[in-house]
Structures are given as structure tokens and as C-alpha cells.
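Here's the structure we're looking at; comments come further down.
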Amino acid sequence: MKLKTTLFGNVYQFKDVKEVLAKANELRSGDVLAGVAAASSQERVAAKQVLSEMTVADIRNNPVIAYEEDCVTRLIQDDVNETAYNRIKNWSISELREYVLSDETSVDDIAFTRKGLTSEVVAAVAKICSNADLIYGGKKMPVIKKANTTIGIPGTFSCRLQPNDTRDDVQSIAAQIYEGLSFGAGDAVIGVNPVTDDVENLTRVLDTVYGVIDKFNIPTQGCVLAHVTTQIEAIRRGAPGGLIFQSICGSEKGLKEFGVELAMLDEARAVGAEFNRIAGENCLYFETGQGSALSAGANFGADQVTMEARNYGLARHYDPFLVNTVVGFIGPEYLYNDRQIIRAGLEDHFMGKLSGISMGCDCCYTNHADADQNLNENLMILLATAGCNYIMGMPLGDDIMLNYQTTAFHDTATVRQLLNLRPSPEFERWLETMGIMANGRLTKRAGDPSLFF
């Protein structure tokens, strides 16, 4: 395994695979904060060159956290299909990138090949891709999942309706749900971030969400994004169950910082299969985001792109209905400006799809970042072009509870009309019965929540 290269007469020597992976990243503030970023553009190019010549086996055999020390590493490594891996283990990362992007490589070819990839390999491919490569490659890798709606079908673009309220006021939550539905939002999930994380409040909010779903016979699923153990307890006590949510991290230490163990995720999957009101096979929902491991002091000297890819390796094990990166939510300490946020969003979507998960993105930023709503609009259009499964939707894109800026209900409608995309088929049929949509386009009734009263 070669760990050095020469560029313009200068020799660049790297100590191990972890350092090569880190220094091959495009510039981002989180890697600088962690002390793992390339010192110059020249060193970055050198690292990319070295990484491109490494084999799949080189990367797999050198995970950024040792197998013996980390349950996430063990899960990712143990899930590898050895037949798929043995076919590609001697390929260089450059050859794997070319294979993914080749017109001769089919959806089924990638579906088999991805079974042989560890998360570090997935990250390695993303690091030697341009933004256009990430978009083109993502488009080639549809991932379709079924709950009560079917998400990820090529030609569709879905939306999580996010009716958050600073007091968990159920009237406010219901009003936002009606407004979102009137714009055609909500086919991914109607998902509320609660202020208060207890069983009683969770049940009250779930009852509100499912009160609307049941009253209008809406083919979708609800979720209240409390801690996974709170959701499990509420569902076991009789609360209506849709998707079960948890934020995840790419290391065992990071999971512990979130108060999560793999056994909890195993239990969530079992409870969902037994109790939840889901027609399909997929009942879990995970959120991630570059920088989360570093913020928890749980990155073990690895860069944030590689740690994010490990989130997707963990998620893949549980076959979730939804996974999304909350790309700019963690703040400018990790993704400083619109350039870094856009790059991260494209990387995350590509890595999620190459990992085989139903990948969406919360196109967002915090109020102290060097970004604005144009960032969100740029990123959502790029991601929709890349085949992203879903984005978020809330009134005017302003989350007054979580205090960050995301995409609005009308943004999903804009993307669908701009790129000739549709909601999930079950949801579109319901929108047509309500007079909100006809022939794939919103009607004059759209955007008026009074149609529900």
C-alpha cells in the first residue's frame, strides 16, 4: 500500500489510511477544527492522488476505528457480502469511481456491488468526485422503500412535513399540517420535533398527527422525533405508531453521547414490526449530519465525511424508510458557508445512495452561518437533480422551535414543477381526490388550508 506521492517536485508522505482519507477532503471548517485537514491545496490534491490508487481492500482493512474497539465498525464489517467484496477488493478507488459513473453500469450492478463496500470505501469514492460526479452518480442509484407511501421511485420527489411548535401546541401543529398538505407536502412523513420528551407529550402530539391522517384518510406516516426509548414506550402504551426515529452517530462513543445503544435500535425495529401502522416493511427513520461525531468528541481523529459515511453503514443494517442528513444544522464551526454546505449535502446524498439507503436531505443553515435562503434553494435543486428522495417543508422554511432555516412547503412544489417530478404515487392519488393536484400539477385550490374545514 502506497502512502506517498510526488507533485511538482514535492514529496507528500502520509502516515496511514485515516490521514489520507482526511486530507483528501474538500476544505471544511470542521476538519480544520479537528486538526485533520490538508495544510494546503497541494497537499489535498496529493492525498486525493494517493487515495485514488489505494485498493478497496486497503481501505476495508484499515477502518478509521478498530474492529475490536467499536460496535459500529463491527456492524459495518460484519454486514459486508464477501462474494461482492471479493469481486472488487483489488480494484483501485479510482476504478470503483469510474465503475459507478459508467454508462455501462446498471442499477442492479450497483445494487450488488454496494453490498461489498464498507463505509470508509464509500467515503473514499466521494472524496475523489467533483460536485457534478456526485450529482450524476447519485442519480444512477435509486433506492426505493415502502411504508404507507413508496419513496425513491425515479421521477418522484417527496417532502417531510415538519410542523414544529415552541410549546408543542397541538392547534399550531395541526394548522401547519393542513397548510403543508395543501401544498402537497407530507408524503415522506409528517414528523414533529417535540419540545418536551416524555411519553405523555409524545402521545398527545402523535394523537394530533394521526387525528388529521385518519380524518382525511391520508396515505402517509406520522412520527414524533423524541428519543427512541420514549417512542417505544409510548407505542407500547397504545400511542399510534408510524415511523420510529433516532439520531445516530458513526462511532460507539458517539452513540453513547446520544444515549443510544444498538440494542435500542434492534428493539425499535421489533416494536415497529409488531405495533406500527405501516403497510410496507420499513418503519425506521434516522437523522445524521457531518460533524456530529466531532461535536461529541467521538471522531477518533477521523474526518467528518468518513464519519458521516459510517452513519450510513450503521443505518443500512436496519433498512430504514428514511434517512436524512441535517446538513447545515450543526453550524459554521463544522460547515462554514454555502460552498461547504452544498458540497456536504451532495456528498451525503451520494454516500447514502451508494450505501443503499433511502436518502434525503434537510437543506438548512443556522442563523450564524455565512449562508442564506438562496443556499437552501440552490442545494434543493441540485439534490433533486441528483435523485434525492426527499427534503423538509415548513411554513416559510423558518423553524421557530429549532431556530434554524430550512426549506418551505412551496419549495417542494417548485422543485416538482421545475423538474417534472411527482409526489409518491399513493400520496398523489390522495391529492387528486382532494382537488389539490391534477395531472401532476397543483390546482388553484393548492396552498389554501381552508379546504380542510
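Note that Cβ sites are derived from N, Cα and C of the backbone, with glycine treated the same way.
The DSSP secondary structure for Asp362 (substrate binding site) is strand. Residue density at Asp362 (substrate binding site): 24 other Cβ atoms are found within 10 A of its Cβ, drawing on all protein chains shown. Taken from Swiss-Prot, the feature substrate binding site applies to Arg160, Leu161, Gln162, Asn193, Glu287, Asp362, supported by sequence analysis.
As annotated by Swiss-Prot, adenosylcob(III)alamin binding site applies to Pro194, Gln246, Ser295, Met401. The Cβ of Gln246 (adenosylcob(III)alamin binding site) has 24 other Cβ atoms within 10 Å, all protein chains considered. In this structure, Gln246 (adenosylcob(III)alamin binding site) is part of a beta strand by DSSP.
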Q | Between Glu287 (substrate binding site) and Ser295 (adenosylcob(III)alamin binding site): CA-CA distance (Å) | A | 15
Q: Consider the binding-site residues Arg160, Leu161, Gln162, Glu287, Asp362 and say which one has the Cα lying nearest the Cα of Pro194 (adenosylcob(III)alamin binding site).
A: Gln162
Q.
For Met401 (adenosylcob(III)alamin binding site), which of the listed binding-site residues (Arg160, Leu161, Gln162, Asp362) have their CA atom within 10 A of its CA?
A. none
(Q) If you measure from the CA of Gln246 (adenosylcob(III)alamin binding site) out to 10 Å, which binding-site residues from the list Gln162, Glu287, Asp362 are inside that radius? (A) Glu287
Q. Are there any residues in the same chain, six or more apart in sequence, whose C-beta is under 8 angstroms from the C-beta of Gln162 (substrate binding site), and if so which?
A. Gly191, Val192, Asn193, Met392, Gly393, Met394, Asp399, Thr406
